Amino acid sequence: MTSSLSLRHFLLALAVVAVWGTNFVVIKIALGDVPPLLFATLRFILVFLPAAVVFPRPSVSLGNLALYGILIGVGQFGLLYIAMNGLISPGIASLVIQSQVFFTIGLAALLAGERIRIYQYLSLFLATGGIALIIYHTDGTTTVGGLGLVICAALSWAGANMAAKFGRPANMMAYVVWSSAFAIPPLMLLSVVIDGPGAIQIAFGQISGSSWLAVAWQAWGNTLFGYVAWGWLLARYPMATITPMALLVPIFGIGASTLLLGESLPPWKLVAASFVMAGLALNLLWPHLRAWQQSK
């Protein structure tokens, strides 16, 4: 398994994190009309029902399929949506969720015996410095409960990364589609219990066209494209090569908020972005530089 990321695969990973970064603006819009767990339920229904007709069930164990679906559906997005429903700001959520990078690399070292190299420690240190700078300049619109929920969501994302790695599905699209079936029942039950039947009824009566578009984007853009491509890359490269790319998600999130929501872009945000980009560049380019040096 090579640790050197090709240009084509780098661009694919970049497209995924761009979708995920802008996704926090989409979530903010939709949660104005739809309760969080109902939103998550609708998202995974749209992932499963149209595509399951086309894609056969993947040849992985039902346990692995269920584990991935529950970790992504309930663990990551269920908790994230609850947190973003007034407990944490979209910008902070887009930052804290990136702790999945460190959870994933740690789980890969613990469960798969992957070696973490010195330059990867340094790259993570640089990128973490950028994220810390962004967190330092927040306006405090977050709660301990919201922070805890997003950290748990990040841990669930890391667990799902490992489930996909060990499952090694031949068709990642089918894997994502069919795993969604295992997310729907618990999300639906939790929506009734936590959101409440009254809130669900009101939501269906007033949900706007933009919110339906947000649900569709969550299902087809974020999930089908994003997680299929991400899982495909994880199956072909070490965790420590791919997962740091997710540190770019807050950069795209800030850019989308600036363009679409009018968020300001002061100098400290540019400095923080530079730290994140420096860490990413070190992680991606160091193997190429070493290979070039050894070939001389």
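Using the three backbone atoms N, Cα and C, a Cβ is placed for every residue, glycine included.
TrEMBL: automatically predicted annotations, no manual curation.
Marked as domain 'EamA' by TrEMBL: 11-135, 146-284. Per TrEMBL, transmembrane segment is recorded for 12-31, 37-55, 62-84, 90-111, 118-136, 142-160, 172-194, 214-235, 242-262, 268-286.
Within the model, the domain 'EamA' (146-284) shows a mean pLDDT value of 87, rounded to a whole number. The listed stretches are 37-55, 62-84, 172-194, 214-235; of these, 62-84 has the most Cβ pairs under 8 Å to the transmembrane segment (142-160). Below 8 A, the CB atoms of the transmembrane segment (172-194) and the transmembrane segment (118-136) form no more than two pairs separated by six or more positions in the chain, fewer than 3 in all. By the Cβ criterion (distance under 8 Å, sequence gap of 6 or more), the transmembrane segment (37-55) is counted as touching the transmembrane segment (214-235), at least 3 such pairs being found.
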